[in-house]
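Visitor: Pulled the feature table from TrEMBL, pasting it below:
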type    : residues                                       : note
DOMAIN  : 205-605                                        : domain 'UvrD-like helicase ATP-binding'
BINDING : G226, R227, S228, G229, T230, G231, K232, T233 : ATP binding site
Amino acid sequence: MASISFGIPGRMNVLFSEFFKKSLGKIQSIQLRKTVITFLLKLASGWRPKKYIDVAYEDPLKLVKQYRVKGFIIVCTIDIMKYSEYIQVLKIWDILPSSDVPILVDRLSAFLKAYDYIDYCKMKHFEGKLEVPISWKNGFDIVQYRSHRRYMVARDPQDDPLDGRNYAENSKVSESLSVMKFYSLSSGVVHHLISGLDGKELDLPFELTDQEREIIRFPKSTFILGRSGTGKTTVLTVKLIQREQQHSLSVEGLCNLESYSSQGPNRKNKVNENAADTNKNKLRQLFVTVSPMLCSAIKNYVCRLKRFSLGGDFFADNDSDGMYDVDGGVMEPADISDSFVDVPSEKYPLVITFRKFLMMLDGSLTNSFFTRFYELKELPLNEKGYSFSPAFRSFIRQKEVNFERFTMVYWPHFNKQLTRKLDSSRVFKEIISHIKGGCAISEDCDGVLSRENYTILSEGRTSTINGEMRELIFDIFLDYEKMKLRRGDFDISDWVINLHRRLRAAGAHLGDKMDFVYVDEVQDLTLQQVALFKYVCNNLSDGFLFAGDTAQTVAKGIDFRFEDIKSMYYTEYLLKPSVGSSDKEKGKGKYISDLFHLTQNFRTHTGVLNLAQSVVKILYHYFPQSIDHLDPETSLIHGEAPVLIECGDDENAITTIFGGYGGDGNCNIAKCFGAEQVILVRDEASRKEISGCVGKQALVLTIIECKGLEFQDVLLYNFFGSSPLKGQWRVILDYMHSHKLLGSGHAKSFPGFEMTRHNVLCSELKQLYVAITRTRQRLWICESNTEYSKPMFEYWKSLSMVHATKLDGSIVHSMQVVSSKDEWRNRGYKLYKEGNFEQATFCFERAEDKYGEKCAYAAGLQDSAYRMLPMNSDKAQSSLIEAAEIYLTIGKPEEAAECYGLLVERGLSFIEHWKDNATSNDVTASSQNLVAMKDSFLERCISHYHEIKNKDSMLKFVKAFSSVEYARTFLRTRDYLEELFLVEEELGNFSQAANVAKLKGDLLLEANMLAKAENFEEASRLILFHVVVNSLWTSGSKGWPLKQFKGKNELLKRAELLAQKCSSCFCESVCIESDILSDNDHILSHLVKRMNSGLSKQTSPDSVFINLGAVGSRRDILDILMPSRHKNQSNGNICKG
């Protein structure tokens, strides 16, 4: 990729192919490799060795050059590339023994016949004895192929049938010359080619197409739309690295200039200052994608490419394909904190998943979204953030509502009158993408559409749902929100809306601001989710690149077009800039670029592309607003037409192909699919059914699971037979009729298209498109019953796009492929990173990789257990125990601890045992990580026992906390006062226990604890106060006479006994007041004496209740002297007396 490589001394750019890279790697002698590279460098300089020219095989076009070097033949051609101008380059195709040259020359000759600019390639120019490249300005029109239309996917197959004669090649995609990767022979590459192979994979930056270079050179924010396999991710990655290199060169040049301009003894200090400034002015780039697997691959590639572009090593890291920690089926970067505040400069460019992006936004603000949840209210955070806490990961698995949980847990409880005309997929999509995920993120509506604003969408030209349906959906939405609130659940839209609200209020204090943001797979995000990126980058007009394909919008809950993104970008990014942007920034950049369309497909051939395009055409016709319009994809490779496999009556195609499966764990290798082959089915139910038939003889994935993956061969099975459309697929005949594709004898007995009746067709066609485009080479489509598939099959046959064949021994034999152990292992890693643990286990088993097999199987048990916990805790616990035991056998105690963490008793025993038996090499067990893991686990156990009111078990776990203060904080913040009291009492902290009793409002318990703490005076006072309250102001009391209650005299005796341990004066006061409050009868002389004592003690500091003795005695005296008035006066109160 010349645009990002350092030039070498020479006049002509040299590009070498993937073939050459592999062939050179097979040469063991470093000296011979050095000789070959030296020869290429001399060719680049313009030198041509006439006496060394040795034509091993004649090229009729006279374009292929052949040079002999030490027994090998270097095969090369002159080609033309478009950089800042058109210029000749030297392409090195391969280095081969003489015997292998004719095959390559023949292929090259056939391929180069398609070139229109052959005469330009043959032109030569010399400066002295050196041949130098000829260049042409960009305004000069140079067309690569003779007739571009003849070598692209035809718009109408009837105009250009697939006969293999009009394409540059008729070969396998993996062996194609037309999509061959080429690499620039830069100085860094030379070093690695000579000395650095040694069996390692050398993954170099490759050359781009003219279309890709045009997008990369575009200076403004960019929208890139392209179908599957057209290089969208490549463009984003290359532009990111190009900016990294440009920034590095500019900073390095500035540092060198200032360093050499400094004089005298201060020069060293100046260099240090420049280094600090360099760190301060670090280029901050952010790359976000939805898929964890794609994120991992891009991150590894970006790291290697960055090192290489800056002069470092480019070899793949040894652990690049290692196992990842499992987070509910999602792998997240483990080395980046949950915050954009003070991200270390070496972490840039950041390559993260969208979920990690949300976590970092949330962690950059105060009052996390998750603190509202009871389970996480006082969760002790890992210093890196929530996502590093096992408790948090467990919470997410159990509380987040995704489509599967919406369908299983919520949908059955909605009003059947509302749901009978709707399917759960459509409703969930409307809730997430439109009601809660549309562009309504103003403060007025707070991110959620009102019923009126939602139903009025039916009047728009893009709507496929009428107003009546929208009313039903909104009613379901309201029920969903109420149920979600009761269950303490949340969905991703709740999180996103909360982030928008907090980000608007936060101002500019959001941590590091990005210079550039790259978003891949943007079709899997809602508009509200896309709008979040404006908060992390102030470079509004130049700083954003979005790439995706709305034909692949099969993610549950997502529904929008690229035109919607452009509109949202203008209103939310340019008209309402991000917080903290300057007035100057707010006033500039109102320009929005057109969509860039990538149309050349590098993944597959024309046979597959034409079939996919035929599906897209139906979408254009019936659902024009649901998909962005693009020119058809092009490919220079002709391949086999997709095959429709026709079964006989009552014939089971799967049994015929794989020979049945006995379930004994063995597979018939002669009838197995390879690691690059897959059976695709519609849903999980279909997958289980087919897996039961094929066992361990083939990979079986759903269409959703395979998104982002690709295979050499795909068998699409029963897609139409399992479709919810069923007989409504006959509407395809209506499309054929309108396009004059029906035969004259075909009866018009098919339904016309109705939006309300056939709206599910849109998502069905998009799923079909994704399924078709998963293959690189061969596609077989098979239906057990052709009733529903017949209209689509007729459509494809009318366009001559498919080849129909009977299922017999010959086709079954042609389908079988044997894969190596390494191929199975690599496929296993890919599936593991996607969270598909069951199929990953199968792949590792085929690879005979015991470690990988056990790891994937345990991860699958763990993942399924988390999903089963709310419904079947016994089965979930069995799975967790099994998973934990497997983790221990493969040296993964941390994962085992997380499993045991949900098993209460076992979890505590395991963590304690792990800690006690930790070795010096066990970093996790000997660090604070284990303490945090233990405390987090204990919190979950305590909450569990609190809910089921098992006090004894709860106390056991409370006492196991790492510190008493931690336990106090945890119990107090959750208002677990009873448990906190028991802990303090058992620990002998009686004063603390008295305080807890006070919080509970239990006076006698508080008095008892104060007595145990030897605070006898306060304990006595509290007992007397308790007696007064219950004698005067309890329910039913009229104030006087004093109310009697059970145990009153015993309490007064207790107060007197405690008072005896205090001062004599205090003791006398207590005794007087106890006597007044007692239920005993009194004589008049005693009452007078008691009244006088009360009056004399009322000013004493030892008096318990001022005037109580005097006042009480006066009421008693009056009661004796005027007994006839007692009844009438009893309605008074002590104050009136």
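Cβ atoms here come from the backbone N, Cα and C positions, even for glycine.
Nobody curates TrEMBL annotations by hand; they come from automatic prediction.
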Visitor: Using the Cβ center of G226, R227, S228, G229, T230, G231, K232, T233 as the ATP site position, which other residues in that chain lie within 8 Å, going by their Cβ?
Guide: D549, L598, N601, F602, R603
Visitor: Just jot down the residues in the same chain as G226 (ATP binding site), at least 6 apart in sequence, with C-beta under 8 A of its C-beta; none if empty.
Guide: K232, A547, D549, H597, L598, T599, L630
Visitor: Reduce the DSSP letter at G226 (ATP binding site) to three states and note it down.
Guide: strand
Visitor: Would you count the other C-beta atoms found within 10 angstroms of the C-beta of T233 (ATP binding site) for me?
Guide: 20
Visitor: In this predicted model, what is the average pLDDT of the domain 'UvrD-like helicase ATP-binding' (205-605)?
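Guide: Residues in the domain 'UvrD-like helicase ATP-binding' (205-605) carry a mean pLDDT of 76 in this prediction.
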Visitor: Restricting to the chain of G229 (ATP binding site) and a gap of 6 or more, list residues whose Cβ falls under 8 Å of its Cβ, or answer none.
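Guide: Spatial neighbours, sequence-distant, of G229 (ATP binding site): N601, F602, R603, T604, E633, E710, T773.
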Visitor: Counting only residues 6+ apart in the same chain, whose Cβ is under 8 Å from the Cβ of T230 (ATP binding site)?
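Guide: Non-local contacts for T230 (ATP binding site): L598, T599, Q600, N601, F602, E633.
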